[in-house]
């Protein structure tokens, strides 16, 4: 029965090597008592035919018959991998690694398969099955001492798997052209036995002459030594007709036949046993390796190299422990502290550690790496108390060239007021030309003779009507009867305001003549003249009206500063001596010469 099995096994291998995979499968599957090696060969043939389901079934049978056959686990993993069942493939790769038992390869040449199963190739296929998660497994494959024959290409492929740049490499199975071959011990014992029997038969014809001494047999019976027998020279012995008997051999040369035959047989048996014993030793299979003390777990993802972790003590309101991997990035470190203390690390917290009595803040990856390298395991988390922000300092007053800026602002305001007065009759005021002032100065007292201007401002003042428009409820009054010079002009509309009372007191104390105005219908065109006013009211009006400005038209409360002509200043420029600024009831500015009591619309 065993002979028929081996014969069919050899026939199937011959058919497979010639390319007839179907015939080889038919012959192997017809064997009734199949072994794990035969089932392995059938599984490889089914992989060759791309029938992965049947291949997995026969590899299962092979594993059931020999649970230590790592090649069957490996090829079953290849079948699962090529069939798209990556999870099962990863499990079988792990089983293959466990069957290697810490070795980097298994040489199956003694069992009839001329191949070495390498741990590096098993890890390579597992990294392919894991995809992007197999970078660490590919790194382990490159660190193995036993590498495939194409080691350089193998390392390049492993490096690409680590980088994740390419994951479509083909698997590395045991070559499908290699199969387990049957042992060649069926005819060897018979040949050895025939050789031993022929050697024994060749030595059998010399057995009858074994009773005579060896020296006599070699020399022959016709030439006995003359010196050996001292009685050969006597005539009585020579003349006798009785045959001569051979002399008795010496004890040193003689040997009895039974011991010689037994010794020869024993020597032949010892030689035959010595010649057979090497063959019997070669045919015996090697002893199986010892079983592992602890069964390794079988799971889809298992790594030989584990991540190194360190434990840190974090002090905030109490002490708590965290574990971080090595190496560790700053975001992972902060996230673990946040999860442990249930806080959010932001600008309100600071992380620090003590080194040589100095406190170093952990605000970058460099500081974190420094802490790990120095093996510091205590971290402090502190609240940051925000410092009070300083109050903004007021902007410096632009006092330089205040006189020139005021003159330019007064000229621009005069032009804007003139344009607004000329267009007030058409109900189209040009508000864009009105200077933007922020406060309204109060009329200064009449007793002052200096050129300084008061810094008091009326913050509750309301915006008056635009220049040239008629007030809503005007009241008319004429100048005082005690006024001298100037003559009477057109009536001036007045309304109740703090400046009116001051003006009345001033008119009572001294005689002030307000310069007359011409009717608006005959008002002349404005001229850019800076000459002193003439005697005629018309020329006085035409030369002085261009500098008239109404600061109350666009005045508004804005702290304690005013804007004149686009420049920020705390007070208006001073008026030259002996002139004083006054305002009419309609908020029109004019100038008073305190020495001559003459009034002007513009400074001469």
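Glycine residues also receive a Cβ, built from the backbone N, Cα and C atoms like all the rest.
For the repeat 'TPR 1' (36-69), the predicted model reports an average pLDDT of 93. Positions annotated as repeat 'TPR 1' by Swiss-Prot: 36-69.
Residue counts for the repeat 'TPR 2' (71-103) under DSSP, helix first, then strand, then coil, are 27 helix, 0 strand, 6 coil. Residues or ranges marked as repeat 'TPR 2' in Swiss-Prot: 71-103.
If you look up Swiss-Prot, you'll see 180-298 (among others) marked as region 'Disordered'.
Under the heading compositional bias 'Low complexity', Swiss-Prot lists 194-215 (among others).
Under the heading compositional bias 'Low complexity', Swiss-Prot lists 225-243 (among others).
Marked as compositional bias 'Pro residues' by Swiss-Prot: 244-260.
According to Swiss-Prot, the feature compositional bias 'Low complexity' maps to 261-284 (among others).
According to Swiss-Prot, the domain 'PB1' annotation covers 309-384, on the basis of sequence analysis.
Here Swiss-Prot flags 383-581 (among others) as region 'Disordered'.
Marked as compositional bias 'Low complexity' by Swiss-Prot: 396-424 (among others).
What Swiss-Prot lists as compositional bias 'Low complexity' is 435-453 (among others).
The compositional bias 'Low complexity' feature in Swiss-Prot is assigned to 467-483 (among others).
The annotation compositional bias 'Polar residues' is assigned in Swiss-Prot to 502-528.
The compositional bias 'Low complexity' annotation in Swiss-Prot covers 529-570 (among others).
The feature domain 'WW' is assigned by Swiss-Prot to 573-604. Here the domain 'WW' (573-604) is broken down by DSSP into helix, strand and coil counts: 0 helix, 13 strand, 19 coil.
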Inset, instruction - Take the repeat 'TPR 1' (36-69) and count its residues per DSSP category (helix H/G/I, strand E/B, coil), listing them in that order. - result: 27 helix, 0 strand, 7 coil
Inset, instruction - For the domain 'PB1' (309-384), give the DSSP counts of helix residues, strand residues and coil residues. - result: 21 helix, 32 strand, 23 coil
